[in-house]
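According to TrEMBL, the protein carries these features:
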type   : residues : note
DOMAIN : 41-119   : domain 'Rhodanese'
DOMAIN : 141-229  : domain 'Rhodanese'
Amino acid sequence: MKKVFICFIVSAVFIFTSCAEIITVIDVKGSDLENLNAEGTKDTILIIDTRPYTEYKNGHLPNAINIPKSEINTRVNEFEDWKEKPIYVYADTDDDSFEAAKIFVEAGCKIIYNAEGIKQYSYKTIKYDCMRGVVFEQKINSPNIIIIDCRTKQAYDMGHILGAISIPSIPIAEFEKNIANLPKDKKLFLYCNVGSASARAALTLSEAGFKEIYNTIDGVREYPFNLIQEETPPDKRQ
């Protein structure tokens with residue numbers, strides 16, 4: 001895994017929890033978070049956009065999941081396994097996300113970084129949804145959706161999510177050809193091994209005009225999705 005070392009100019013605020021524990025919330029420059037949020041680092045940090053979903057949908061940081069400030073306490077399952085790992089929060093301003101940071105601390109999170117907001121730093125943004133595996137798994141039970149496996153066909157044949165179709169993300173020219181006939185009125189749910197190939201595929205779909213795109217940042221090697229091997233129908237066997 002590629003390792004990225006960032007030197008932060010640190011300022012911090014100490015928060016006293018209800019258990020008399022002191023947690024430090026560290027301020028982070030937008031440029032530092034953007035550098036840290038490179039491909040290959042998503043397994044070591046969790047970025048959370050704490051704005052309302054409508055604002056998140058209009059553009060957010062790559063790999064950032066959305067947990068609005070008002071929903072943090074009811075969505076603890078989405079970060080329960082990350083309470084001892086670095087969480088980076090942002091909103092419109094760092095004052096807004098600091099209020100969210102305090103709620104995360106009270107929810108038991110130990111390592112919180114508060115980044116400059118969307119209105120304070122010119123971040124590169126994307127417009128497809130990012131979510132953790134636990135949320136993705138819940139949402140793919142919905143009707144009228146398309147689940148896309150972005151791995152190789154060989155990996156797909158070895159085991160895939162029930163109902164998923166195989167559209168490998170590479171070569172890109174082949175992927176662009178294969179998505180041409182996908183309906184644009186359906187929600188597209190993408191996954192791969194570690195979330196990177198499906199992220200590239202999601203960006204391609206977004207640039208092609210698709211609006212309802214949902215990518216899990218946790219691939220099948222990182223989250224225990226139930227993978228199946230569908231038998232070939234008798235009339236298709238050699």
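Note: Cβ is positioned from N, Cα and C throughout, glycine not excepted.
TrEMBL does not curate its annotations; it predicts them automatically.
Shown for the domain 'Rhodanese' (141-229): DSSP residue counts in helix, strand and coil, namely 25 helix, 20 strand, 44 coil. The predicted model assigns the domain 'Rhodanese' (141-229) a mean pLDDT of 97. Look at the domain 'Rhodanese' (41-119): DSSP puts its residues at 30 helix, 17 strand, 32 coil.
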